[in-house]
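Notes follow once the structure below has been shown.
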Amino acid sequence: MSVLTVNLGENSYDILIDGGTLPSLGRHCLERGLSGRVAVISNPAVAELYAEQVRASLVESGNQVTLILIPEGEEHKNAATLNLVYDQLIQAGLDRNSYIVALGGGVVGDLAGFAAATFLRGIPFVQVPTTLLAQVDSSVGGKTAIDHPRGKNLIGAFYQPRLVLIDVETLTTLPQREFRAGLAEVIKYGVAMDLAFYELLERDSGRILEMDADCLERIVLRCCELKARVVEQDEKESGLRAILNYGHTLGHAIETLAGYGTLVHGEAVAIGMVLAARISLAGGYCSEGDVSRIVALLGRFGLPCIPPRIDQGRLAETLLTDKKSRSGIIRFICNRGIGDCVVVNLTAEQLLTLSGLEV
């Protein structure tokens, strides 16, 4: 088992990474002072596969377990679903000595984390991510949120988990589309932060697509190491942490306007990375060769590189609701070659023009 500690003072926590770790969840929670009433929040598809293992482990450690199921899909990561979760937390009798376990992908983790951050002004929660995207990105760092009709993740809080337990064996049950979408976040780390890691992804793309267990565990660990390093220096995204949004500014806007469910999150991020690379090229931060390498690797992993048809006026308007927008200026992440990045201040119109998406 790989153990990685995210050092955030009193908010520090461990990330445990291994295959077949789900049955040990209850013990690891107990070791961290978590016991009593616990709500496991999941969706029907994930619960069918893993809820019984998780429930049995938690019961064995002396917990009273309530399973709360939420609908699958980004379109349900909203206030209506959150209120249904609150209703069930109250009905189950959870109090400030209780905790929440988020069992699932990014939607479950984001919503369950925000429920934990706000229920009774905050109760502990544990992340048990079962998708590649959640394992390498959304489960680590304490970003919790729900969506608003005007944009993605506009209502949320920074709220760190007590523990992240990653069982890489859960990746074997992922639909191929979800697995490939998670690879967009993996590629993001290489482009924005680590050239050697990017080269490993190019070199081992075949093994990755074959879902080689050792290869996947190394990839998940490296992504978590890179994210933890940034979060430790900038927990609440006041500066450095913005680099983790590479590909996300345009990606989020495209995902919102295409309609949740049209593109899964990782597919939108892949398109956002291609557009970010074009903007970086136009700004002189990278070469044509760098852009070609990024497009090639995304294509090798079966990810889209061309945005759907979207009204550019609405796209510009949506960009201005982005959390990184200040007085009409967007803090945009450009890649500097491959393996490094830089923050550039641009207007929405400049972003669309430089990316080739004319207003």
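We count from 1, first residue shown onward.
Glycine too: its Cβ is placed from the backbone N, Cα and C atoms.
The annotation NAD(+) binding site is assigned in Swiss-Prot to 72-77, 106-110, 130-131, LYS143, LYS152, 170-173. Under the DSSP three-state reduction, GLY106 (NAD(+) binding site) is assigned to helix.
Secondary structure at GLU185 (Zn(2+) binding site), as computed by DSSP, is helix. If you look up Swiss-Prot, you'll see GLU185, HIS248, HIS265 marked as Zn(2+) binding site, on the strength of sequence analysis.
Neighbour list (GLY106 (NAD(+) binding site), Cβ cut-off 8 Å, at least 6 residues apart, same chain): PRO129, THR131, LEU133, ALA134, ASP137, SER138, HIS265. Taking the Cβ of GLU72 (NAD(+) binding site) as reference, residues of its chain lying under 8 Å away and at least six apart in sequence are, in sequence order, ASN43, PRO44, ALA45, VAL107.
Most Cβ neighbours within 10 Å, among the binding-site residues THR131, THR170, THR173: THR131 holds that distinction in the structure as shown.
Each residue contributes its Cα atom, and for THR173 (NAD(+) binding site) and GLU185 (Zn(2+) binding site) those atoms are 19 Å apart. In the three-state DSSP assignment, the secondary structure recorded for THR131 (NAD(+) binding site) is coil.
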